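What follows is a set of notes on a single structure, which appears directly below.
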Amino acid sequence: MASANLNIMIKAARKAGRSLVKDFREVENLQVSVKGAGDFVSRADREAERIIKEELRTARPNYGWIGEETGEEAGEDPTRRWIVDPLDGTTNFLHGLPHWAVSIALEHKGEIVASVVFDAAKDELFTAERGDGAFLNDRRIRVSGRRQMIESIFATGVPFAGRGTLPATLRDLSRLMPLTAGVRRWGAASLDLAYVATGRYEGYWERGIKSWDVAAGILLVKEAGGFVESIRPDQSPVESGSIVAANPQLFDEFAGLVRQRD
Ligand code: LIP
């Protein structure tokens, strides 16, 4: 049984998802004008955040907030805040690729306690609450049971336009690709974590990532039986800007490779 807070989050994610699906159908028509499409998607993104904020704020006016588009706002209750990415996978959305999601997490005293990642284009709703397991459309999910790197698929994000973390990511790729069944780069961190939680792939890592991209997905992986840490082991995976997640059988080997310095 979902808690009241999770139900509020699901309602907000579905409402924003409906608005985004409508806009996504328009994107193809706008591809002729790249600037037009870019502006349109920024508006769609901001509108989705507005919808989510209105829903969550109406239901829980005293919680804090951090959202990709509107930044951080303290709440009367300093122990609870929403961490929201209204449109994770913006570049995919802009290019008409149906791989993007609404991501909403609830943090309480520094811990993520409830999560929703909603892939509205595929109608896949991933949810989790601390201690209650993780679900895809109400069906319980588990991380994969694979034990061999060579049979396993891993996902990452490659920084666009050669941002600062590109050399480290290329080093990771050259180390991992010969040892695995493949590396995927699908462009939506929240879904990468949701896919680790469902066992679609065995692990995911990324550098240069924001809290709103990963907060919800982190709880999905943990509640599905997986491990998640920052690439720097002493830091928080939500806040540190780097993340490594995998099933328990492969976590140490995989994280060891990602953490290796040369
Ligand atoms: C994106 C991520 C993607 C990552 C990008 C970016 P956005 O989020 O989910 O996987 O590689 O750097 O952060 O900007 O689409 O919400």
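We number each residue from 1, going along the chain as drawn.
Each Cβ is built from the backbone N, Cα and C atoms, and glycine gets one as well.
Nobody curates TrEMBL annotations by hand; they come from automatic prediction.
The annotation Mg(2+) binding site is assigned in TrEMBL to Glu68, Asp85, Leu87, Asp88, Asp213. Sequence-distant contacts of Leu87 (Mg(2+) binding site), defined by Cβ-Cβ distance under 8 angstroms and a gap of at least six in the same chain, are Leu20, Val41, Ala44, Asp45, Ala48, Glu68, Phe93, Trp100, Ala101, Val102.
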Neighbour count check, CB within 10 A, over binding-site residues Glu68, Asp85, Asp88, Asp213; minimum at Glu68
Once DSSP output is merged into helix, strand and coil, Asp88 (Mg(2+) binding site) belongs to strand
Chain-mates of Glu68, Asp85, Leu87, Asp88, Asp213 with C-beta within 8 Å of site centroid, Mg(2+): Val84, Pro86, Gly89, Thr90, Ala101, Ser103, Ala189, Ser190, Lys210, Trp212
